[in-house]
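So that you can see what the record holds, here are the features copied from TrEMBL:
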BINDING   9, 380  Mg(2+) binding site
BINDING   16, 203, 204, 205, 206, 207, 277, 278, 279, 325, 326, 327, 328, 329  ATP binding site
BINDING   86  substrate binding site
ACT_SITE  143  active site, proton donor/acceptor
SITE      175  site 'Transition state stabilizer'
SITE      236  site 'Transition state stabilizer'
Ligand code: ADP
């Protein structure tokens, strides 16, 4: 079997693996979920049998089990050529993906204060793969890195400057691996080069963010110091008045409770009182559930406002690009959002919006639209695999 590239994506309770060949074609993928819980489980995509995991399996056990399962099924060569890890926060140090060494690990650890839920699990994944494959080069790709091209006017909050200098308080932005993929893929589909292509890229999944990309570089983005800022998300509030914190505290809420509500009980879930899942919300709304219909309205209106805001960073626009589970699949969200943007010249074609897959290059704009509108499935794993192959070839 040819040598492969292994991509590892550790979430707080999940581990996702993807295996690519040297030409960046995907060979296999696998996932372990509910890690550190009694009912932890794993499976290989496309395989009917679940992979047995011990109760309370951690990231390391899940990795070992899934790697053996991939080998048993002849999907993985004895060891991959290289391994790529997704790491959420690279602070200001990492402007691009890097080969992992002990200094890199220390810096990822230093950034953990800015991403306490995410960086420690990424480090657990790196540690586990280093134990399993001690001689294989590993790289880290960061969700923040792509946004390191933001200018101070876009990344600084209007706070006393010492907060930035002493405590690194600034806007970092996230989903950078996905927005980078969009910048390149949109350029390819438009027949241009990334360095001459300017887009607005909306990643709409459980987490949602939107980025202005000027000539291939991120120049503004909706997420900030943490992935809580910006758009309405599945369970996250996005933007709120900072005065809310003091007000909720005056009503007796603790800092932890406020944090929990804004991150895990707000957004689509909070407004609808039912679910964070857009597909379910659409069904509920169709059955007359008004809070669900309102959640969709607020989601789309906030998104439309942010599309307008992103225009301030661009001198021309080649396309608005939508991705993520909602962006790729919800014609209703696309239609509702773009209905607010007619004044700016965005016009969606109703038929193409319903059947975007049937039309070339995922384009859904009406012939009268001032700008192309594209629906493009994101592929973050592919970006990481390519970065891993590139860095290892150059090393
Ligand atoms: P994550 O950020 O966890 O990777 P995804 O990108 O998979 O999430 O997006 C999940 C969201 O996409 C959910 O809200 C889900 O309901 C929504 N979604 C997926 N398919 C559809 C669909 N056909 N119609 C509407 N929403 C959809």
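Cβ atoms here come from the backbone N, Cα and C positions, even for glycine.
Note that the coordinates shown come from a computational prediction; the quantities given were computed from them, not determined experimentally.
Feature map: TrEMBL annotations on the structure.
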residue: 9; record: Mg(2+) binding site; DSSP (3 states): strand
residue: 16; record: ATP binding site; DSSP (3 states): strand
residue: 175; record: site 'Transition state stabilizer'; DSSP (3 states): coil
residue: 204; record: ATP binding site; DSSP (3 states): strand
residue: 236; record: site 'Transition state stabilizer'; DSSP (3 states): coil
residue: 277; record: ATP binding site; DSSP (3 states): coil
residue: 326; record: ATP binding site; DSSP (3 states): helix
residue: 380; record: Mg(2+) binding site; DSSP (3 states): helix
Cβ neighbour count (within 10 Å, all chains shown) around residue 236 (site 'Transition state stabilizer'): 26
In sequence order, the recorded positions (9, 143, 206, 279, 380) whose C-alpha falls within 10 A of residue 236 (site 'Transition state stabilizer'): 206
Neighbouring C-beta atoms (10 Å sphere around the C-beta of the residue listed as 'substrate binding site'): 23
Contacting recorded positions, sequence order - 9, 175, 206, 380 vs ligand 1, Cβ under 6 Å: 206
Distance in Å spanning the most remote Cα pair of 16, 203, 204, 205, 206, 207, 277, 278, 279, 325, 326, 327, 328, 329, given for ATP: 23
Local backbone state of residue 143 (active site, proton donor/acceptor), from DSSP in three classes: coil
In sequence order, the binding-site residues (9, 204, 328, 380) whose C-alpha falls within 10 A of residue 86 (substrate binding site): 9, 380
Minimum Cα separation from residue 380 (Mg(2+) binding site), reported as the residue among recorded positions 175, 206, 326 that achieves it: 175
Binding-site residues compared (9, 206) - highest count of Cβ atoms within 10 Å: 9
